[in-house]
Amino acid sequence: MAMSLPQQIGALSASPIAAESGSVSVEPKLATVNTSGTRRSLAGSLRSSSRSPSPPVSPRMGGIRPDLTAACEALMGAEEREYKEGWGAQAKGKGVPVYVMMPLDSVTMGNGVNRRKAMWASLQALKSAGVEGLMMDVWWGLVEREGPGEYNWGGYVELLEMAKKHGLKVQAVMSFHQCGGNVGDSCTIPLPKWVVEEIDRDPDLAYTDQWGRRNYEYLSLGCDTLPVLKGRTPIQCYSDFMRAFRDRFEHLLGDTIVEIQVGMGPAGELRYPSYPEQNGTWKFPGIGAFQCYDKYMLSHLKAAAEASGKPEWGSTGPTDAGNYNNWPEDTNFFRKEGGGWDGPYGEFFLGWYSQMLLDHGERILSSAKAIFEQRGVKISVKIAGIHWHYGTRSHAPELTAGYYNTRFRDGYLPIAQMLARHGAVFNFTCIEMRDHEQPQDAQCAPEKLVKQVALATRAAQVPLAGENALPRYDDYAHEQILQASSLNIDGDSGEDREMCAFTYLRMNPDLFQPDNWRRFVAFVKKMKEGKDANQCWEDVEREAEHFVHVTQPLVQEAAVALMH
């Protein structure tokens, strides 16, 4: 194209567009927009920045004039068709579809859409790049905030309609945990206030460590089946929430909403909150601490010890397992030679602790499966990628999180088998990491961990999906994701298996910076081509350069809008 998009629009309308630094134009009225061919341009230049986004404020309106809509549609229509027929196309049955996580605060505490205009522009940009869809946290603490059974779906109605209008699919996360206190948490969304009131009355509803420190990220699974929440059990609350979501969005299930990821613990993951970052309690690469000291967990432990004929094991968890920031060899329980983890008591305790987590997963999945069956959606569960001290014998950080994985025992196969019983997807993190990039003294081994999980899901015949654990925009991370998602285990490229999906962390201004966006566009293209693609990175990058040039105004608009 000889002229830029704004210049062409100006020429068609005989009305040049003046540049206004920082002004954006996005469509505020969702019901009246034709998204099939419309893309809005940015009048002004993008400020390239690697800093954190500033607090959200509404972008200034300006730039494109209302009477230029038809011209914009006409100019972008051809490129939209090119995208649909070429760039964004994905052959059926091959390749890995890419989803993008939405910002944690996409819905405000007032149940509206945050940065609505930026959201609209961002979704247009993602769709244009061939992204399959979005991952969206549906926060228990927002929707059922006011009282039991009082559901306010507010901003989610609008967000899901936005996704539908752009032709983007949605992975909806039933987020029964608190936002705030974990890696990447950029805002705070507590549990529903009536739940917090119940915890204040009975602090043992919160996970507790051996020093009496309470964790308010997620309710203790020890009280799963007890009517401790104003007459309902936690499992009933989770089930009622999912049922209300199903009923409110029934018309979108199977079409726009294609997956329900069921939150099962802190950060939405099936695990104990053994490594809480809040208040500096834990720092990487500490081993974490067992979370079994609330009265409900201790009651279960006591019963299990008595059933095993060892009642003396039922009064407490291990007392020699160190502190959150110890390393395995600092402790008697986790040390490689003669550690308690490898003795009769350790086997009993770790078996009980991990089984409690599996039973928690069974209870929630049984409910989710019944609620969403025959609705055309997948059910998925997120498992944490705990890769530090993986090279030790005890795998201490995995043990404290509830994954009974040691040098002598596969802790991920039982999880995969549990998911298989319910037809659920195994969603795993840290897919982007390489062993040599991590601290070697902490014996980090994310690649080996991902391989173990891939083998476990293959054995259990469970679909495997992936996420990156930390924001990465470089080709090294992208190449690692491509390699991991191909599931070429032991170099077996002939295996007819790939990850069923990959979710990219996260939609933010950095993603839309020119170099990052170009690399991301090429990455999405390679993922969609699948393991049998023979096009080299350089060719895809060249295609991406052209595509990025054509769509530059749209992407600039998204980036600037998200910065404000």
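Cβ atoms here come from the backbone N, Cα and C positions, even for glycine.
In TrEMBL this protein carries:
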ACT_SITE  Glu269  active site, proton donor
ACT_SITE  Glu467  active site, proton acceptor
BINDING   Asp137, His177, Asp185, Lys382, His387, Thr429, Asn468, Ala469, Arg506  substrate binding site
COMPBIAS  36-52  compositional bias 'Low complexity'
REGION    14-64  region 'Disordered'
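Feature map: annotations from TrEMBL on the structure.
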residue : record                       : contacts (Cβ under 8 Å, 6+ apart)
Asp137  : substrate binding site       : Met102, Leu104, Ser106, Val173, Ser175, Cys179, Gly268
Glu269  : active site, proton donor    : Lys382, Ile383, Ala384, Thr429
His387  : substrate binding site       : Cys430, Met433, Gln438, Cys444, Ala445, Pro446, Leu449
Glu467  : active site, proton acceptor : Met101, Lys382, Asn427, Phe428, Thr429, Ile431, Phe502, Thr503, Tyr504, Leu505
Asn468  : substrate binding site       : Thr429, Cys430, Ile431, Glu432, Ala477, Ile481, Tyr504, Leu505
Test of understanding: give the count of other CB atoms lying within 10 angstroms of the CB of Arg506 (substrate binding site).
18
